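Residues annotated as domain 'CHAT' in TrEMBL: 212-359. Sequence annotations record features per position, and here TrEMBL assigns domain 'DUF8082' to 397-451, 478-535.
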Amino acid sequence: MPPPTLKAVVINLGDGDLNSGFPRVTVQLWVSGYSRPQQFIGSLPAAPILAELYSNWQLIYKHLCNRMASMKDIRKQSVAQLVEVDVDDELEIDLEGVTNISQDSFHQVCYQLEQSINAWLHSPGFLNVDSQVRSRLDSSSEIHVMIETNDDLLRRLPWHCWQFFGEYPQAEPALSQPEYQREGQAKRDTTKVRLLAILGSSKGVDLKAEQRFLQDLQEAKIEFLVNPSYEQLNQQLRNDRGWDILFFAGHSQTEGETGRIYLNENPTNNSLTIQQLQEALKVAIANGLKLAIFNSCDGLGLANSLEKLHIPTVIVMREPVPNRVAQEFFRHFLSAFALERLSLYRAVRYARQQLKSLEADFPGASWLPTICQNPAVEPPIWLNIAEPLHFVLTSSQIYKLEKVLLDLIGPIAPILLQNVLAQVGNRRELIEQLRRHLSPSQQEQFQKQVHLELTQPLLKLEDRVEMLIEQYQVLDENFIRQCEQALTQAIGPIAHILIQQTLSSGEHSRATFVESLAAQLPNPQLALAFKQQVLDN
């Protein structure tokens, strides 16, 4: 049997900084289908040279941005205009002593920074951890690498330059806060992805391209807010129907640990911080917001604020970004994620790599896109963002198919089936995709059992309607997670065992699943509170 196709490496840097080092670095390896990680402990030495090199990189990068700001392909305005409209204060850098800056000098500091990062991560205290993790990975697996830190400088480092990502072509880094939690999200009965697109202040920026890209998405319901007021944005974020994706294009900047976005071109009240939208964003997240994309300058402050609200996934640009670079990234990402059905991590990697073709004109372009991930929540897949109702199989057939897979490949079966169901459009494609994860002998056994279990006449229209109703009420991964979270609050770690025992006891609807769990609780009051918590959600 081939190894699981999805793995996550979570690197917690612990206490410390680049000046003093990191005495305890914890690395966890998670494999889909298994509820517990493998863990390795190491350390990383002080590396003040990284802070110095990144400061040099940032200084030269912003100088090149300023110098090219008058070019037609970037802002269609001069640096003086950029400063005049106060779009991004960080573009106003002190260039005293910085003369004759060239792309060659920029490439040199890029090389030095990349070499220094790899030397640091190859230090003796971390080398054994690195070897242990790599021995459990393979180049065909998709690998999510999450860097847990709230240190601003560490979050700005180009982690994708680590040689690890050159050796694993389906691996991509993401940033994470050290503290995170899973927030309950409402389930919605829609088969279309709902996307709120905010086209903010466009002074010196052409946002028409982003609008065209979004309008081409036929499987999405898109609401455009063009130069909105605070009141309009606040109202839409609180929309009862909820949003799956929040997209912002325009001007933004980091202010300390937070971020500011520019909504319109009014002389006053034209911008706001994430803190000012905090309550509305909490409502949006509770109503199902899974992904926020800020195709705008210097977005790490925005991501930092959103992560504290426990949003599942954010994509930002770590530094000021030229307009054409932002457009090309979004075009390639949208094509890979929404049209080619790549996972979010693979789509970001693909789009980031496409930016390398622009670096003759826009140095450093491929270093800008950054994923910020809540490790407690799986990153969204386009086809299951809106949790569509499947016509591929009935819930009874899904249950039977899962049992067949469990007998063959063990506990990874439910997640494998969930992921494949989200990506296929018919039964034949489903079976073929599942077969690819089995050994030759397992494939033959799987084919025979599937033929016996799933062969049935085509459904009539009224049966398909009943199937939809049944499918909506059937257990899904999100509901099971909600139950486990509520059960853990009631009885502690044993909750996971009860969940697994109940799942293996037979087929359940949501109601029978909850009743079965409640019956195992020690007293009626606890059982009633548990049922109310999960069924009223």
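Each Cβ is built from the backbone N, Cα and C atoms, and glycine gets one as well.
Since this is a predicted model, take the numbers as computed values, not measurements.
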Reported in the order helix, strand, coil, what are the DSSP residue counts of the domain 'DUF8082' (478-535)?
48 helix, 1 strand, 9 coil
Summed over the domain 'DUF8082' (397-451), the DSSP helix, strand and coil counts are 46 helix, 0 strand, 9 coil
In the domain 'CHAT' (212-359), how many residues does DSSP put in helix, strand and coil?
65 helix, 35 strand, 48 coil
